[in-house]
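As annotated by TrEMBL, transmembrane segment applies to 12-30, 36-58, 79-96, 116-137, 149-168, 174-197, 209-229, 264-281, 293-310.
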Amino acid sequence: MNILTSKLLEVVLAVLPITIIVVVLNFTITSLDIALILRFLIGAVFIILGLSIFLLGVEIGITPIGNHMGKMIAKSNKIWIVILAGLFLGFIISIAEPDLHILAGQVDSITAGAVSKYMIVVVVSIGIAALLSLGLIRIVHNIPLFKILTVLYGIVLVIAIFTSPQFLAISFDAAGATTGALTVPFILALSIGISMLKKDSKASEKDSFGLVAIVSVGAIITVMLMSIITDQNELTGTIEQSHQVSNSLFGPFISEFGHISKEVFIALLPIILIFLIFQKISFKLSKSSFRKIITGLVFTFIGLVLFLVGG
């Protein structure tokens with residue numbers, strides 16, 4: 001079984017049950033317009049194909065980049081490089097996370113723009129960047145994980161007292177959304193790349209985990225701080241209800257394809273540029289390894305576009 005087949009099987013097992021439930025509900029409890037249910041099935045196919053290709057691209061493209069970046073950061077042995085690298089890499093990898101874009105779009109939709117999609121994406125990415133730097137410092141300086149998490153969740157508890165219930169829910173949802181299919185493999189590869197250069201193999205193995213747990217707290221803290229700083233204690237947006245259903249099966253997908261492709265390209269462009277720059281000055285990978293990573297990045301782009309169009 002090759003990698004793509006394996007990824008396809010994983011995604012089918014994850015998506016198919018939800019698809020079956022919706023179809024069963026359509027024929028039993030609530031009947032949807034035939035065009036709508038057919039578009040749902042087409043969207044499910046796009047999601048399955050897109051997510052499978054995307055995960056393949058992450059495995060052969062994004063993850064190796066994270067691994068090489070981690071080794072390069074560790075070799076520098078300079079705290080300011082660790083901090084700057086964490087801030088920069090954390091921000092750009094979170095910006096490209098598809099799960100975060102979906103959550104941010106939903107928040108924008110249900111609040112009728114009171115909390116914009118791009119505000120959520122940027123604010124969460126800032127939190128991810130800051131806590132990624134902290135997590136990398138922890139690995140380099142062997143700071144116990146429980147101490148870091150105790151302090152961070154203590155901060156969350158204090159800020160939560162001043163945060164409205166609506167934003168409290170969004171904050172924790174953001175933490176789950178941002179640790180998705182793109183962010184987690186990259187962060188794990190980054191942490192493994194740094195910890196592998198430690199002389200103590202047991203410490204290396206132990207320190208390669210826990211970074212995702214630290215990073216996810218960043219999203220919680222920054223979204224709660226956003227609600228306090230902007231004084232948005234209540235969500236006052238209203239949901240616009242539209243009863244018009246397009247009869248075109250592929251029209252809605254085609255109309256979304258252009259701007260989603262543009263958004264995905266812009267989101268992935270910093271990762272691509274970073275890889276190309278560091279390939280020239282530091283990585284110096286062989287031609288076969290270089291081509292494999294470029295292929296992975298292309299797969300990541302194609303898969304992400306299909307996934308978001310289907311969603």
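The backbone N, Cα and C atoms fix where each Cβ goes, glycine too.
Any TrEMBL annotation is an automated prediction that lacks curation.
The stretches the transmembrane segment (264-281) and the transmembrane segment (149-168) do not meet in space: the count of Cβ pairs below 8 angstroms, excluding pairs fewer than 6 apart in sequence, stays at fewer than three.
Using the rule of three or more Cβ pairs under 8 Å, pairs at least 6 apart in sequence, the transmembrane segment (36-58) is not in contact with the transmembrane segment (79-96). Cβ atoms under 8 Å from those of the transmembrane segment (12-30) belong to residues 37, 40-41, 44, 47-48, 51 of the same chain, restricted to positions at least 6 beyond its ends. With a cut-off of 8 Å on Cβ pairs spaced 6 or more residues apart, the transmembrane segment (79-96) and the transmembrane segment (149-168) reach fewer than 3 such pairs and are scored as not touching. Between the transmembrane segment (209-229) and the transmembrane segment (293-310), fewer than three CB pairs separated by 6 or more residues in sequence fall under 8 Å, so the two stretches do not touch.
Note on the transmembrane segment (174-197): residues 51, 54-55, 58-59, 62-75, 89, 93-94, 96-100, 102-103, 120, 124-125, 128, 132, 135-136, 139-140, 203-205, 207-212, 215-217, 219-220, 223, 300, 304 of its chain, located 6 or more positions outside it, place their CB under 8 angstroms from a CB of the stretch.
Only residues 6 or more beyond the boundaries of the transmembrane segment (116-137), in the same chain, are considered here, and those with a CB under 8 A from a CB of the stretch are 73, 79, 82-91, 93-95, 100-101, 103-105, 107-108, 143, 148, 152, 170, 174, 177-178, 183, 187, 190-191, 194, 210-211, 214-223, 226.
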